[in-house]
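K.L.:
Okay, here's the structure, questions in a sec.
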Amino acid sequence: MAHLISEKVEAGADPIDAVREMLPQLRGAFALAILFRDRPDLLIGARLGSPLVVGIGEGESYLGSDALALASLTQRVIYLEEGDWVICSRDDVRIFDQDNQPTQRPVTLSGVDGELISKGNHRHYMIKEIYEQPIVVAQTLRSYLRRIDETLTLPIPDFDLSQIKRVTIVACGTSFYAGMVAKYWFEQFARVPVDLDVASEFRYRAPVIEPGGLALFISQSGETADTLAALRHAREEGQKIAVVVNVPTSSMAREAHLLLPTHAGPEIGVASTKAFTCQLAVLAALAANLARAKGRLSDEDEHSVVKHLAEAPAALNAALAYEDTIKAVATEIAMARDVLYLGRGTNYPLALEGALKLKEISYIHAEGYAAGEMKHGPIALIDETVPVIVIAPSGPLFEKTVSNMQEVQARGGKVVLISDYDGIQEAGAGCLATITMPKVHPLIAPLVYSVPVQLLAYHVAVTKGTDVDQPRNLAKSVTVE
């Protein structure tokens, strides 16, 4: 691109004209910020398929990937639309659409300031964000629960869910695991069939999509390229589009019929923590809303759901009290080369998420499995050098999970059991370590049991001395396919 622009400038073109002529020659996705050595007062930006934001200051302007990147400089931002390009100077911003026609885009206040992106007294953003979870989950639930009459609501109360016959959930990474938990909830509460897809695969398997279904997309940033492309494909197929995002001004939010915001606040650490638990809170509320709309949730059951979801912030706070125990376990796990995570039901996605967290920030190879699948192959990996993290709250699936855990122990595997007091009392003997969680209703268990797997990954990474907030080869918002 630099060569194309240089050729045109050397041939006598004005820098702005050179960029205007160059842009139609580009293929693929891009977000550009172009500076000229001999024009320090000129900044040109352009976007296609990747996000770009203009920041408006006092006698200055900026370009950034999102409002968060500009938070320490300005809260006044302009979100460029697909194909837009912009000419920035100290006192002026001129925007053109993909047809090179002058256009106006609204200036909005991001609401993100420097205080919100400070680490405060914490060593890393990740641990700060783990400890913010009780507060931000409470903030998120306020948009979905009416505590006065113990009923459910949505940000768009009149959005009709009653005719939804099928739900398609699409996401990547940690958001995909939130979607896996949601699949259990949608099918259990609303008795609606759910398809679950990795966003990068969705368009390429020729999915059978019937018009009138609900396509649900989950993304922390709302800019994930694979998820955004999948959203546009689903919209073309006649789906109602719902999005769960942490950035209500993002591309996905702007293209949705139903915006379901999480209110996690800025998440700086690359490994998602508070955004994940807020996603779970929103998805639980949405599943219950769908069940009510389908006539499968009685008034009494609705009151019960609201009551249990409202207990989540306090339960998260109680889970955080066990950090010292988890820190001690982390010193053992940090010496391992391989780690396995096991869970059943909604704890299976948590096993996958726990393994992902450990891989992301400690660089230890880790895998998550449904506990019942151990005997179908993975148990061959078990020896005394492979710690196995078992996520097993007491309840209907506990005995089956313990049976799988005992198979591991019988082969010399070192087990770390994460359960409540009853579970630890029943099955904790013979474990390398146990981590006791508060006893909670199964609906909120995925939120609460997220805390120990997050803290374990964090303290293993700290013990190993890796870069917790910015792990190698990773980015917070993946805006390329």
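We count from 1, first residue shown onward.
Just so you know, glycine gets a Cβ as well, placed from its N, Cα and C.
Feature table excerpt (TrEMBL):
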- 1-91: domain 'Glutamine amidotransferase type-2' (DOMAIN)
- 157-296: domain 'SIS' (DOMAIN)
- 329-471: domain 'SIS' (DOMAIN)
K.L.:
Note the mean pLDDT of the domain 'Glutamine amidotransferase type-2' (1-91), expressed as a whole number.
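P.N.:
Here the predicted model's pLDDT, averaged over the domain 'Glutamine amidotransferase type-2' (1-91), is 91.
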K.L.:
Kindly report the helix/strand/coil residue split of the domain 'SIS' (157-296) according to DSSP, in that order.
P.N.:
61 helix, 26 strand, 53 coil
K.L.:
Quick one: DSSP breakdown of the domain 'SIS' (329-471) into helix, strand and coil?
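P.N.:
Looking at the domain 'SIS' (329-471) with DSSP, the answer is 70 helix, 29 strand, 44 coil.
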K.L.:
What does DSSP give as the helix, strand and coil breakdown of the domain 'Glutamine amidotransferase type-2' (1-91)?
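P.N.:
Per-class counts: 24 helix, 34 strand, 33 coil.
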